[in-house]
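*Asks:* Feature table excerpt (Swiss-Prot):
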BINDING   Y31, C51, C54, H55  heme binding site
SIGNAL    1-30  signal peptide
TRANSMEM  279-298  transmembrane segment
Amino acid sequence: MRNWSFSKAALTVSLLALSWSPFGPAEVQAYPIYAQENYAYPREATGRIVCANCHLAQKPVDIEVPQAVLPDTVFEATVKIPYDTEAKQVLGTGKKGPLNVGAVLILPEGFQIAPTDRIPEEMQTKVGKLYFQQYSPEHPNVIVVGPLPGKKYNEMVFPILAPNPATNKDVHFLKYPIYLGGNRGRGQVYPDGSKSNNNIFQAPVAGTITSITPGEKLTRVTLKTVAGTEVVESIPAGPDIIVSVGQTVKADQPLTNNPNVGGFGQAETEVVLQNPARVQGLIIFFAFVLIAQVFLVLKKKQFEKVQLSEMNF
């Protein structure tokens, strides 16, 4: 894998986010850089991946890896982020557009994305033009991708290079966990806790709606409380207003629909770093068992022949 510096990596993700967002880095769909800037490590002690802090809806993801791999070999980790590819999400402008996807893959220590010259041609075809980035220089085993066009990348192949305990004394022939976080669509909350326009907006107080003033970027809903105080809730373009003037609402009652069609999911699996000597020993053992079985059959047939000859005599 290329040895990008963290500053270059962050700049690359920022540029990637800009290419997807009309508002640049403020767009919630630029989730990789948000996670990298706000969290030293993407997986909390509870097992929760931090992307779930901004992407509130839960959706399934899946990961497939071989049951066992040999040291210093390249294997595939197939990540699947299923969703309805015909669905449209609310963009930062309030308009509808296609969903983007992204993923964070937390590999065991010592495992990493395989260098280009180590990836077999057939595997490289499956990988395509995916760009893999280290989460940080301190965690080269944590890989992030995205945002990417969902229709093209709702299934991704990560080429993983297994470590060699002979050259890396921190690695052993054991069973290791692999963790996946995968997302489709934009988030509902910014890192500072404020809502994006891909979220439900509720009434801040109980009262009667006295006016709804639509605008190009904001719709202002004015509520009058029982005490006569007027409170204005500003709703960005995107979600649909589901209340009307004169309607009485309770505090926290939805003023809009839920425009979110995406969501975040987690999955985990295991891979065994297999000792080649153990495999060879197992093959030799099975060979001896097979030879013993053959000799047993031959001996049995020889015994049957002796018995038959004695009976004839």
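Just so you know, glycine gets a Cβ as well, placed from its N, Cα and C.
Show me how these features fit into the shown structure, please.
*Replies:* Neighbour density for H55 (heme binding site): within 10 A of its CB lie 28 other CB atoms from the protein chains shown.
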*Asks:* Can you work out which residues elsewhere in the same chain, 6+ from the ends of the transmembrane segment (279-298), have a Cβ less than 8 Å from its Cβ atoms?
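*Replies:* For the transmembrane segment (279-298), the nonlocal Cβ contacts are 70.
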